[in-house]
Amino acid sequence: MKLGMVGLPNVGKSTLFNALTNAGAESANYPFCTIEPNVGIVSVPDERLDKLAEMYHPVKFTPATLEFVDIAGLVKGASKGEGLGNKFLSNIREVDAIVHVVRCFDDPNIIHVDGSINPRRDIETIDLELIFSDVELIERKLDRTKKAMKGDKSLASAVEFLEKLKEHLESGKPARSYDMTEDELEILKETPLLSLKPVIYAANLCEDDFRNNIESNEHYKEVCEIAKAEGSAVFPICAQIEAEISDMDDEDKEMFLADLGLETSGLNRIIKEGYSLLGLISYLTAGEPEVRAWTIKKGTKAPQAAGKIHTDFEKGFIRAEVVSFDDLMSCGSMTAAKEKGLVRLEGKDYVMQDGDIVLFRFNV
Ligand SMILES: Nc1ncnc2c1ncn2[C@@H]1O[C@H](COP(=O)(O)OP(=O)(O)OP(=O)(O)O)[C@@H](O)[C@H]1O
Ligand SMILES: [Mg+2]
């Protein structure tokens, strides 16, 4: 999974990116500090995996990973080459989901490219650039599909859909707010629309507001309204606090967060939102050689999940031996779980569940 940090210049993208990834990207109080995208890879924290490691003492411990890309700030006209232009939009095209960092902190010392704090305007500015860029893609696709339709009448419904979608985009609405059927999504498979990507809004508050009155912060409320209306996720964050705690060891971090009334860090919250937004779950494999988490789409069946490990596992799939995490923990060992009949034998139609601990049997 690849998450892209997107937003206006100087809103805190790199600060947040650094806090999350410890990648040490440059962040400074001037617009367009970032030009080339910064990439950072983080392990997905998973308590279940830690518990399994305590049980197995594995040689290798491999959590799932997540890639963050810190992208240059976009300004009005970016889709037409303004600011540092179109190139940044192509950086966004490669991500699975967008973390849209929105400035919600008042601080006269930090330059805002449009002169005032106004989340609704800022979100619209970014959205419009993504939408304009998508309109161009859709127009090209529409032309091609219309030409192809001359020889293949079955494309009529695709043309109709693309025309409706184009209208939707031209009215200033993102593709993610267009209710699409599976077939329609299939039509767009080779057309990576920017405004179709799932969005998590990161409302970047100042330290004081974040500590004392998140809910009553007007800027934050505005972001929540926008997110709710389009079915996007939102969470409040203070990039500077995140930066502070990213250097702490686990114990200090926990104390600091508890003091703020929070259970987990921004990284954990972003990962949780990302997984749920993208419909992802994890299954786990456990043994002395390795304890490992694997990320799959919700609804994936056992053979395809096995294929994540190796294509041979999918091709030669025989069955999966599955135990839920809770069952394994309450039994204390795999042997005990087997004795109690809690390790199930599942076939090729089994739909994987989050937290399943699996051993695949295969034959090549
Ligand atoms: N929550 C916050 N409260 C106060 N200041 C903040 C907060 N978050 C970030 N800043 C400050 O805002 C400035 C810009 O931050 P940063 O470089 O991360 O922005 P950016 O979005 O990456 O900008 P660019 O698009 O130019 O790369 C920095 O001086 C940073 O310390
Ligand atoms: Mg930056």
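Counting begins at 1 with the first residue displayed.
The backbone N, Cα and C atoms fix where each Cβ goes, and this holds for glycine too.
The feature ATP binding site is assigned by TrEMBL to ASN10, VAL11, GLY12, LYS13, SER14, THR15. If you draw a 10 Å sphere around the CB of LYS13 (ATP binding site), it holds 30 other CB atoms from the protein chains shown.
In the predicted model, the domain 'OBG-type G' (1-257) shows an average pLDDT of 89. Per TrEMBL, the feature domain 'OBG-type G' maps to 1-257.
For 279-362, the entry in TrEMBL reads domain 'TGS'.
Note: GLY12 (ATP binding site) has non-local neighbours SER27, VAL101, ARG103, PHE105, ASN204, ALA239, i.e. same-chain residues 6+ apart with C-beta under 8 A of its own C-beta. Summary for the binding-site residues ASN10, SER14, THR15: the Cβ-based neighbour count within 10 Å is maximal at SER14. Neighbour count (other Cβ atoms within 10 Å of the Cβ, all protein chains): 29 for VAL11 (ATP binding site).
Listed in chain order, the residues near the ATP site other than ASN10, VAL11, GLY12, LYS13, SER14, THR15 are GLY7, LEU16, SER27, CYS33, GLY73, VAL101, ASN204, ALA239, each with its Cβ within 8 Å of the site Cβ centroid.
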